[in-house]
Protein chains: 6
Amino acid sequence: MRVDGRQYNQLRNVEMISDYIKHAEGSVLMCVGDTKVICTASVEERVPPFLRGSGKGWVTAEYSMLPRATQSRTIRESSKGKVGGRTMEIQRLIGRSLRSVVQLDRLGERTIWLDCDVIQADGGTRTASITGAFVAVAQAIHGLVKSGALDSVPITDFLAATSVGIVDGQPCLDLCYEEDSQAKVDMNVVMTGSGKYVEIQGTGEESPFTPEELHQLLSLASLGTEQLIRFQKDVLQEAARGIGGN
Amino acid sequence: MRVDGRQYNQLRNVEMISDYIKHAEGSVLMCVGDTKVICTASVEERVPPFLRGSGKGWVTAEYSMLPRATQSRTIRESSKGKVGGRTMEIQRLIGRSLRSVVQLDRLGERTIWLDCDVIQADGGTRTASITGAFVAVAQAIHGLVKSGALDSVPITDFLAATSVGIVDGQPCLDLCYEEDSQAKVDMNVVMTGSGKYVEIQGTGEESPFTPEELHQLLSLASLGTEQLIRFQKDVLQEAARGIGGN
Amino acid sequence: MRVDGRQYNQLRNVEMISDYIKHAEGSVLMCVGDTKVICTASVEERVPPFLRGSGKGWVTAEYSMLPRATQSRTIRESSKGKVGGRTMEIQRLIGRSLRSVVQLDRLGERTIWLDCDVIQADGGTRTASITGAFVAVAQAIHGLVKSGALDSVPITDFLAATSVGIVDGQPCLDLCYEEDSQAKVDMNVVMTGSGKYVEIQGTGEESPFTPEELHQLLSLASLGTEQLIRFQKDVLQEAARGIGGN
Amino acid sequence: MRVDGRQYNQLRNVEMISDYIKHAEGSVLMCVGDTKVICTASVEERVPPFLRGSGKGWVTAEYSMLPRATQSRTIRESSKGKVGGRTMEIQRLIGRSLRSVVQLDRLGERTIWLDCDVIQADGGTRTASITGAFVAVAQAIHGLVKSGALDSVPITDFLAATSVGIVDGQPCLDLCYEEDSQAKVDMNVVMTGSGKYVEIQGTGEESPFTPEELHQLLSLASLGTEQLIRFQKDVLQEAARGIGGN
Amino acid sequence: MRVDGRQYNQLRNVEMISDYIKHAEGSVLMCVGDTKVICTASVEERVPPFLRGSGKGWVTAEYSMLPRATQSRTIRESSKGKVGGRTMEIQRLIGRSLRSVVQLDRLGERTIWLDCDVIQADGGTRTASITGAFVAVAQAIHGLVKSGALDSVPITDFLAATSVGIVDGQPCLDLCYEEDSQAKVDMNVVMTGSGKYVEIQGTGEESPFTPEELHQLLSLASLGTEQLIRFQKDVLQEAARGIGGN
Amino acid sequence: MRVDGRQYNQLRNVEMISDYIKHAEGSVLMCVGDTKVICTASVEERVPPFLRGSGKGWVTAEYSMLPRATQSRTIRESSKGKVGGRTMEIQRLIGRSLRSVVQLDRLGERTIWLDCDVIQADGGTRTASITGAFVAVAQAIHGLVKSGALDSVPITDFLAATSVGIVDGQPCLDLCYEEDSQAKVDMNVVMTGSGKYVEIQGTGEESPFTPEELHQLLSLASLGTEQLIRFQKDVLQEAARGIGGN
């Protein structure tokens, strides 16, 4: 039995409230247990300098936490005057993950900005951000298709992420903060709807792990991302059409 | 008739959802029309250097907007590496306003941080922040009294803020974004429950204004803040007790 | 009787030494009591990006204090690597105030930079800066007219600023530093030659104020700005012609 | 056949020149093919604030590239005024990896700084940095034991890292820059002398990968790190004694 | 004949207005031709960390130019967020020069800050700053002696600086801006009252110079600093007593 | 006898390993005693804004030290977020010195970046950087001539630098760190192959120096730079041809 009563292979409650921010082209309040992230997608009709004139588009992400998303207040990065290493690492991960399923050469010379702002944190904020950002980007692209800016949906597959880890010797799915802070091994896995890996980031800072443990963790991650993708399909409804060429 | 059908002396819909963030000592989702601000109060058991050993406490505020709170996406201040002038001006205003009704010498050597994060903006974000921050600080102080850290409530009066302005020649209460961008005169007024002024910030950048117009604007502001304070009392319930010595 | 022997409605000694810096298009050493500010106007033949191609001009201000303008030395903002909130607030105020009397659409696509550098501070530096900056901008625009770059003077009215406040329960005009640090209410008022308000920034951080007190303070401010505008006319001489269409 | 004539499971030439920098407590010039990194270990007799008084030590890393380590010159991060996301990600990875084999509670209240400065880059700079940093830290700790500051060697195992990836459909070991820039999947693996994983960071930004491909890549990584650890033992000689309790 | 009618060995008009800033412990408006620098000395009763507990004092300098000190407006370093290389070089030079004649071990554990703010620039701002800073520091130290904080004057000699250069093939003393911008060789020389060198900084970026030319330039510098020291003695009057043990 | 057994007029061992970094257009590992600097020259086919369209080229330098080049570890400037005064001063000196012998108007609209990265420091790093940077720039320009981008070599003379100083009352050539930290007078001299001065930077912070001492120091510097230029000719070989029009 886990600290919050779940089975080792059980996700926390998942809720996705779409169209959460009225100005954005795509937006969702992504809740996984007590972790809550506002994910928005913003379409900008230009690309970064290195892509100008290439005919290609770009997808990029920014991630942040409100100061009191955490148990004790954290200082704002704007006050410190620089973005920290953890934040940079996470936003690079989100951007890279989403780009793996968006066909940039079919997007046109436009950028989709994905903003993931954690308003309440209880573990797994980066994986919740990726899962929510997929919903937002799918909505934004659906809007581009509806408006005629795009002919078809340049998304090759669904995409979701979850964390897995070894807590008290037991491989577990979807760690909450309390579990995460005790885990000896901690792994974030980003997977597609067809069960392929987009990112695997596993770290055994506290204690190295064996190939057998790796195998068990990856199985749990697969289980979790499958369920998250079912939630995505439910909330996206019409906007899910055309993803992966369907 | 105004752009959204209101009377010249009518507030937008006001909603305050308290205990919005589970980790914070005080928190409210403050909604004034489509303007939505998460206000949290965090209690820290120490004070800035200039107050150490003085026996006095401190109240300070930080303000920010999510990138897509606005109609087109704005760049994060953390990415720019510095906090802009508008943000600094607003957070100084929020801090100063709240300090005017909190008796710092009765607060003990602790700091209350007020974080006002705009998740959706439609005009009046700074005044909504002040009105919401009052609720959060009152909750946090109520918690200190309940836990025995304080004997009584060191808040001298209620406090709320609203914007007023002259739109198409007509003094109006509580401008939405569309009105604000057309207003010739724009004024933010912070008032107490007993009808005194804490801050008046009026600017006629587009066109100077007469003493008569000033008088009309201040009357509307008084009307608006009275109503906002009634909302505060409703949401605070038990936590309203002891404010102003009652 | 006030700390320096003045009446409650009396300005400090005012001195304006024009053409103080030989390189600048307009410049004045603005002295109000022991407060001394070098105000310069610099004409740049281009505008910020948001105005390019609009045919409009721009007026903007920067404000700073020498480290030893103050009683104890203050650290330079260049050493700290960032401009503080107080400085930003003041330079935004100066810029906004001056733009209210300059017709930007008649200025041509050029920027006038107003630099206000306090070399000695004794209270009221922001209002002295505004009053001096008006002289500098009028000189610079006079130069543009004389050189034929402009046909007529695109300044709609004179502009001056003063501080007022409640010291020991007494509303007073033009606070010096010692008064300012004891005042319960502190207000900066920017007014035009025709007696209209451009900016009112009043704060009762120490203690909220009543509508009656507000009325008394505004009357004193009106008295003070009238006198300051008379000094401006004296020092501007020929350069005062054409202001307000005269 | 690979671009530089190697087999798919073959490392590039490895050279480690130890005691490369005379001032440092440990240092090595780590060469893997044309990738050359100066790795130094510096012992500082104090710890970061969060460990003061805990009796524990700390191991941390910094990573940088000389401007002309790369094919075209890159701008210095000191000139840009901030450390980029890629650099932060790498130095966090190096620090975390090395901490996994150093027993911080047996190190005493001291910090070991690992500086990895790439003087010539040809792919795999982060894995070469980890492999070289292990040598430097082992030397520095050997010095602490020799001087009597430590009783025994608080290192639990050897540690090395290599990159693997899928190039033209073929899983390959130890990618050079040309291969890396064409790889569809790119993975960095940090392993211990006993064949356990410390870090797995795999990314299929260009194309997601299957569990079967993951398996092949991890086998190659295991092969590579085994060989690298043999090189470490050779260069460390006497300083290898005591690692892992031997 | 030079551009402003001077002989090759003639200084510009020198004026020193002492006690220029009322708050400072020492201050002078230093004018050399149209170059005008406000030099202040501020006494702080503590030293930088590296001197704490040493019983020694410290002398340090900061240098800046008002934006419109120059012919066209220059951007503030506070706005740029960093102090430029030229400024750093100059303030290091001023600090080093002044420290050469102040006996830090007789100053007590206090810091003297020398602020040199150029309000109008016409060449030779760094040498004018040094010459003026000497006056300010002598006044501040005189004050410490008068107040009893020091027994005697810990200044070993007078100190002044001037620029020399080769203009149109002719070695010249005290270059104005127009000369400076045409000079092939440019040298700043800081000398003591007894004719010794404290700093020689000569640069032939445009064209290397011969030992013979160096000799001529140094002779002119000696002539100039002698005269400047006579001005210093005049303005310091009583505060000159005790310098160099007299 | 000096601390390391040298005569007062003797250089330390000099070694120059050219083509040290494979990507750079010119590169040398410059060793003077235990001081080791990697100097690279990078050719960029564009110039800074102030030269665009002028037909002229540019030569600029950057200087840095690895954290553990020094006896105790120094913090990286990238971590501090700003380049320090000492670094700026040195890189300005290197750039200025090299520009004095390169004919920018014959270089074409291209920039040569000189990067001097100290990997081990034992005094004289700035002069070793200049001497090494000359080798790198000569190689890079030789490459431009060989590739036909330039017709002839736009270098007017050889250039080398050394430090001299007064240690224990004795003028000495080429100070090592231990000598440098005890020297009362410290001077860096940059000279051409024809024995002219490009830069003289002498400082007597500890104690002013006489004209006679200056004379002795300059003689030693002349001796040292002559020898360094002989080393340059040896290592440059074919690339030395055409320098100074030969």
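Just so it is clear, glycine is given a Cβ too, placed from its N, Cα and C backbone atoms.
Caution: TrEMBL annotation is automatic and unverified by curators.
Now, the feature entries from TrEMBL:
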type    : residues                              : note
DOMAIN  : F:10-140                              : domain 'Exoribonuclease phosphorolytic'
BINDING : F:ARG86, F:GLY124, F:THR125, F:ARG126 : phosphate binding site
DOMAIN  : F:158-221                             : domain 'Exoribonuclease phosphorolytic'
Compute the mean position of the Cβ atoms of F:ARG86, F:GLY124, F:THR125, F:ARG126, which form the recorded phosphate site, and then list in sequence order the other residues of that chain whose Cβ is within 8 Å of it.
F:TYR63, F:ILE90, F:VAL118, F:ALA121, F:GLY123, F:THR127, F:ALA128, F:SER129, F:ASN188
Could you tell me which three-state DSSP class F:ARG86 (phosphate binding site) falls into?
helix
Of the residues named as phosphate binders, F:ARG86, F:GLY124, F:THR125, F:ARG126, how far apart in Å are the Cα atoms of the most distant pair?
13
For F:THR125 (phosphate binding site), what is the tally of other C-beta atoms lying within 10 angstroms of its C-beta?
23
Here are the binding-site residues: F:ARG86, F:ARG126. Which has the lowest count of other Cβ atoms within 10 Å?
F:ARG86
Any same-chain residues 6+ apart from F:GLY124 (phosphate binding site) with CB under 8 Å of its CB? Would you list them in sequence order, or say none?
F:VAL32, F:GLY33, F:THR35, F:THR162, F:SER163, F:ASP174, F:LEU175, F:CYS176, F:ASP180
Segment-level pLDDT (mean, integer) for the domain 'Exoribonuclease phosphorolytic' (F:158-221):
95
Helix, strand and coil totals (DSSP H, G, I; E, B; other) for the domain 'Exoribonuclease phosphorolytic' (F:10-140):
44 helix, 41 strand, 46 coil
